[in-house]
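Student: Let me begin by handing over the structure; questions about it come next.
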Amino acid sequence: MKVSKVYTTIDAHVAGEPLRIITGGVPEIKGDTQLERRAYCMEHLDHLREVLMYEPRGHHGMYGCIITPPASAHADFGVLFMHNEGWSTMCGHGIIAVITVGIETGMFEVTGEKQNFIIDSPAGEVIAYAKYNGSEVESVSFENVPSFVYKKDVPIIIDDYEFQVDIAFGGAFYAVVDSKEFGLKVDFKDLSAIQMWGGKIKHYIESKMEVKHPLEEGLKGIYGVIFSDEPKGEDATLRNVTIFADGQVDRSPCGTGTSARIATLFEKDALQKGEIFVHECITDGKFEGEVLSVTAVDTYEAVVPKVTGHAFITGFHQFVVDPRDDLKRGFLLG
C-alpha cells in the first residue's frame, strides 16, 4: 500500500444532514477574509473537497467544513463550507454541528452554563450560543447575517407550469416556492420530482436574472430552492425540503434556508419579531427560528434571524489516498 495523503475528520449530523469537519491534512489557506479564503480553496484546494465529499469516502449528499483561524480581530475562528458542487458562503446546520463537535471533543474551551462564539464566515459574522450540560451539548443557536427578501412574487414559466417564487437571502440566496404548485408533498415518495423541479427552477432564474448581494460582490447566484409544505407535526409551523448545489438534498430544515424563510414570512407580516417559527424537514427534524431585530442591507429591509437546533457526532475517521488508485479523486452517482 502506498499513501500520498492522509486526512482526519470528525463527522456529525443535524436532523440527518451530515457535516464532515476536516481536522487534519489541510494545507495553509491563504487570504485575509473568509471570502478570499473561499476563493483560494476554489482555485487551489478543490481536490480536497472532491476526495472527502465524493464517493467512495463520501456521497452525493455529503457536506464538509474546514475550521480556520479568525479573519477578524474579535472573532474566535472562521469556517469554510463545501458540498458536492463547490464551496458555499454559509451553512446554518454546519454552525450547529461545528459548535457541538468543538465543545464535546474539547476543541473549544467553554465556561459557565452558556457560551457564545463569534464566527467569521464568507457571508459575514455569525454569533453562536451553546446550551450544554457538562460535556454534552443540548442545543446550539446562532444569530445569522442580516437576511432579506431580494425579489418577491417572481413569475416562473416552466413546462406549461406558471407559478411565483420569492427570492431571499439568508447567508446564501434561495428561491422559495410551495410544493403544492406541482401537486407534491415534502415526503420521501415525491423527492425525485422535487429534485427535478429544484434544478429547473434554479437554472430558469439564473438564465433570466443576475442575483447578487447589494454590498458584497462575492455573494451571488441561486444556491438552493426551498419547497414549502404544511407541517406533519402539531408543533411545527411549516415543513420544507431544500434542493441546493448540484441537486443535493438538505436532510435538515436548512439553517440559512430557515433564515431566508424567516425573512419572507416577516415581509408578508406572517411572522412577528420574537415569535417562534418551527421549521420541519423531510426527516421530521425541526429548527426553531425567530426575528431578533430589524435592520437594513443597502436599500432592503432586513432581519437578524436566530436559528436553534442540535447535532450528534457520528464518527472519527482517518482517510487515505493511494496514488495508484484510478478513483483517488472520487466520483459521484445520483
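Any Cβ shown, glycine's included, is placed from N, Cα and C.
Sharing the feature lines straight out of Swiss-Prot:
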- CYS91: active site, proton acceptor (ACT_SITE)
- GLY92, HIS93, ASP250, GLY255, THR256: substrate binding site (BINDING)
Student: Restricting to the chain of GLY92 (substrate binding site) and a gap of 6 or more, list residues whose Cβ falls under 8 Å of its Cβ, or answer none.
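Tutor: Same-chain residues close to GLY92 (substrate binding site) (Cβ under 8 Å, separated by 6 or more) are PHE142, ASN144, GLY170, GLY171, CYS254, GLY255, THR256, GLY257, THR258, SER259, PHE287, VAL307, GLY309.
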Student: Among GLY92, HIS93, ASP250, GLY255, THR256, recorded substrate binders, what is the largest CA to CA distance in Å?
Tutor: 11
Student: Within 8 Å of the Cβ centroid of the substrate site residues GLY92, HIS93, ASP250, GLY255, THR256, which other residues of the same chain have their Cβ?
Tutor: VAL14, GLU17, CYS91, GLY94, ILE95, ILE96, GLY171, THR242, SER252, PRO253, CYS254, GLY257, THR258, PHE287, VAL307
Student: Can you count the other CB atoms that lie within 10 A of the CB of CYS91 (active site, proton acceptor)?
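Tutor: So the Cβ neighbour count for CYS91 (active site, proton acceptor) comes to 33.
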Student: From the Cα of the residue listed as 'active site, proton acceptor' across to the Cα of ASP250 (substrate binding site), what is the distance in angstrom?
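Tutor: Here the two Cα atoms lie 11 Å apart.
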Student: Around HIS93 (substrate binding site), how many other CB atoms lie within 10 A of its CB?
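Tutor: A count of 33.
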Student: Run through the Cβ atoms and count how many others sit within 10 Å of the one on ASP250 (substrate binding site).
Tutor: 30
Student: When you tally the Cβ atoms that lie within 10 Å of each candidate's Cβ, which of the binding-site residues (GLY255, THR256) has the highest tally?
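Tutor: Checking each of GLY255, THR256, the winner is THR256.
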